[in-house]
Amino acid sequence: MTTETTTAARLAQGFVRSVVPVLLALVVAGLIMLAMGASPLDFFAGVWKYGITGSNWQRSLALMAPLLIVAIGIIVAFRGQLWNLGYNGQYLLGAVVASGLGPILFASMPAALATVIIFLVAILTGAVWSLVPAILKARYGTNEIITSLVMSFIAVGVVNLLIKGVFKDPNVTTPQTTVIGDTELLPYIPGTQIHIGFLIAIALAFLGQYVLSRTSFGLRIDIFGASPQAARHVGLNSTWMVVLLFALSSGLIALAGSIDILGQFTYQRADWDPRYGDAVMPLVFLARFRPVAAIPFVAFYAVLATGGTLASQQAGLNVDFLLVIVGLILLFMTITEFIGERRRLGQSYLPAGLRRTIVQPFARTSERTSA
């Protein structure tokens, strides 16, 4: 098989595994709309109108900033086979650092210095919050899915207590933080309404891609993710890897929360939770845990979320219908993965044990023939 043929086959496989689930999800979503008496053409036309046309594309790119950083944070953990599902709580912790400490710091120092401090404190807060599931996983083998979710619920409660308590704006009756002034917010890219958080997110995506695929540290993560036992045999400290990956993942997600507050929201209300992680997680799988590959998928969802809010209302749908589309993407992604894996294994009708005994000799014969 030539190199060109191999490359074409790989691209075709990537298209089927990444793009086809999205297309199928959109088709089925359209059928569901028809069953509900709504017009899918009106909905998707509204998504295009309110998500891309005019200056709306700038709103979509601004939304990409926190979404992409959350995706990168999830990827860092998932590459090491650590399932950090506490992303919603970690995001809110980073957000409350910005919304709570922001007014205090901006009043006492230059905005640029205050912004850097807020980002660092947000990253540190997310990293520290991840120590509980990380240590329990590393030392006792506790399921990190459960512990990270529990810590996320606790984080939501802590954030609400802070907003209703020490960070509450005394000038309003609604429990919320003090509004940050426009002069203290992240600056816009010249000539646009896109704050520089978007550039930070893109830079982090390329940096993350380089680190994960081109450095020895990225190789260590892949080895650890493939087999913690093999990682120990090559001298990697498994406990340290778990703690470090959790800290990096949670710190990045918390950074996304702080950027979102300083980029567009300016304050934070109690019980507010955009739940970006739930929307982004299927996109991370579509991107095959590659930060740069996540960019187009996150952009797609950002347009869908930006334009879909008004489009849903005009089509007579609930705004939560967007989550139905995300769920359909996850469903069809799972189906295409299952079909692809069955085809790859071959002899798929055989039990797993018998399949190993038959397939492996064929592989060895092929190697002798090629030699």
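Cβ coordinates are placed from backbone N, Cα and C, and glycine is handled just like the others.
The following features are taken from TrEMBL:
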type     : residues : note
TRANSMEM : 20-41    : transmembrane segment
TRANSMEM : 61-78    : transmembrane segment
TRANSMEM : 90-106   : transmembrane segment
TRANSMEM : 112-132  : transmembrane segment
TRANSMEM : 144-163  : transmembrane segment
TRANSMEM : 194-213  : transmembrane segment
TRANSMEM : 234-259  : transmembrane segment
TRANSMEM : 279-303  : transmembrane segment
TRANSMEM : 315-335  : transmembrane segment
Original post:
Restricting to the same chain and to residues at least six past its boundaries, which positions have a Cβ under 8 Å from a Cβ of the transmembrane segment (315-335)?
Top reply: 17, 20-22, 24-26, 28-29, 32-33, 36-39, 42-43, 46, 278-279, 281-283, 285-286, 301, 304-305, 308-309
**OP:** Please give the sequence-distant neighbours of the transmembrane segment (194-213): residues at least 6 beyond its ends with Cβ less than 8 Å from one of its Cβ atoms.
**Re:** 58, 61-62, 64-66, 68-69, 72, 75-76, 79, 185-188, 221-222, 252, 259-260, 262-264, 290-292, 294-295
**OP:** Could you give the residue numbers and ranges of same-chain residues that sit at least 6 residues beyond the transmembrane segment (144-163) on either side and whose C-beta is under 8 angstroms from one of its C-beta atoms?
**Re:** 82-90, 92-93, 95-96, 99-100, 129-130, 132-134, 136-137, 175-177, 246, 268-271, 273
